[in-house]
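Asker: Structure below; questions to follow.
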Amino acid sequence: MNQSNDEVSTIKQSYITKQPFQKTWVLWLALALACLLLFGDAYAFDNPMALQSTIQSQMGLNNVQFNMLYSIYSAPNIILPFFGGILIDKIGVRVSIFIFSTILIFGQGIVVIGGYTLSYGTLLAGRCIFGIGSESLNAAQAAIMSKWFEGGMVSLALGLCLSIPKLGSAMNSFVSPIIQANHNELGFTFLIGLFIVIFSWGCGLLLIYLDKKNEILMEEFKKINPQFLTPIKEKSESSDNLSQELSMQLRTNNNNHINSIDSSDYSESFLQDEEEEDNEDDEDEQTHNVHDAKEEIKLSDLKNLDGSYWILSIIIMLSEALFVPFLDNGNAFFQVKFGFSQQQAGGLLTIPYVFAALVTPIIGIYSDKIKQRSLLIVLTTVIFIITHLCLLLIHCDSACGVSALPLLSLGLCYSFYSAILIPSIPLVVKPQMIGTAFGLLGVMQNTALALFPLITGSIYNGHVINEYGQLDPFEGYVYQSYFFVGVSFFNCIIAISLYIFDKNGSQKLSRLRTKKM
């Protein structure tokens, strides 16, 4: 009897001491570090936006030349993120995070030199190198968090990973104009960005350590506690049941013999649940093999990406193009259209970032519980339409509070983008292709982010001289708004087509359900 008690005690002790980080509070520490990993990236990326008027005046740049600072950032990433995604699958996320975050430091360092010397060419070179590391680092972050949160709450995790770093952009928008006003030195203002990038690099090193330690503990945990091979279930929390349901969905999405289930048919659902329970060990082994199969990714695997992935990627590409390129010129836009100073406009432009960071966790939690995700994607595009219509139609002769309304709406757009659109990618691809899928998505996003600033800059330059031959910046920004409104409507049409395609096809975006208790 005593021997039996000792065995039970040993099992309990091993369960407690050898429990993987992924199943403890350290999971949330890893999520926080993943968010901080891109905090410096977001801060440095938007350095030019906060200082647009100063950069253009001190360096004599027009709108197209200024926007080239963003296009040159994205141009190399039309190709590199795809290979970066494959590299992530080949060598693993830990090495990838170290390599890409180190590249950020070199890139921002060159930007600092360009700021001190007022060299436009040096600025372009630094932004190009910075972009090479940045976009691939984004793909690595998404891949590592998809692995840590494979047991559930993927939408919440990826949503926070996208929205929280944007607080870095908010901080830059607010702080950089003040630093510039006090020191009147572009190089020094960029140097602050370099220090923040180094801080994020340090967070990345800690995340790498936790991920390596978690992997070791997971292997030991499975050897010592074979009865706990399946994800640990919290008996008292229904939210964890939903999280496990999402995990099951991610693992079984691509099994051809499983069809979409009518939630109203209780008997079929019951049989499905029995089958899932009988095959838990096999599915856990499949999930384990997913992480070991990263070396098998080939370019030929792209044929396995179906229509849902491609349509969704186009929507994500256009949605980011409706958010980022607008804010790239946002400081000057609000100075001209609403009468703010550079510092006032910088403070105002913190609104969408802060609001997105506050709202995204709520949307992320509930999006994991909502069955019709494709409808939420349509709703996201509708909110983009409303936002850019407001930016087009609202006008103030002097600084006015009503101009903050479309910025709140823009923050809501980004919350839906972060918590609905991006987390939908793992639902429509095979688990072992997540890194490649995000890398390919980066190719498409950066194609838009390279072209849109040049397009909007050309539109501005083409209409900045009014019909009377006078310089009229207001007219230039009005025509920019027309362009964004048109793209918003086009994006909405594509989202509706995704809803129809998914509803009549695989229903990968509409299968989430809760088990009947």
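Each residue, glycine too, has its Cβ placed from N, Cα and C.
Automatic prediction, not curation, is the source of TrEMBL annotations.
Among the features that TrEMBL reports, domain 'Major facilitator superfamily (MFS) profile' is placed at 27-504. For 68-88, 95-118, 187-210, 307-327, 347-367, 374-395, 407-429, 436-460, 480-501, the entry in TrEMBL reads transmembrane segment. Among the features that TrEMBL reports, region 'Disordered' is placed at 269-291. According to TrEMBL, the feature compositional bias 'Acidic residues' maps to 271-285.
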Asker: Are there 3 or more C-beta pairs under 8 Å linking the transmembrane segment (436-460) with the transmembrane segment (374-395), counting only pairs at least 6 apart in sequence?
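Answerer: Between the transmembrane segment (436-460) and the transmembrane segment (374-395), which are separate recorded stretches, there is no contact, as judged by 3 or more close Cβ pairs.
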Asker: Who are the long-range neighbours of the transmembrane segment (480-501) in its own chain, taking Cβ under 8 Å and residues 6 or more past its ends?
Answerer: 307-308, 311-312, 314-315, 318-319, 321-322, 326, 329, 333, 374-375, 377-378, 380-382, 384-385, 387-389, 391-392, 455-456, 459-460, 509
Asker: Which value does the mean pLDDT take for the domain 'Major facilitator superfamily (MFS) profile' (27-504) in this predicted structure?
Answerer: 78
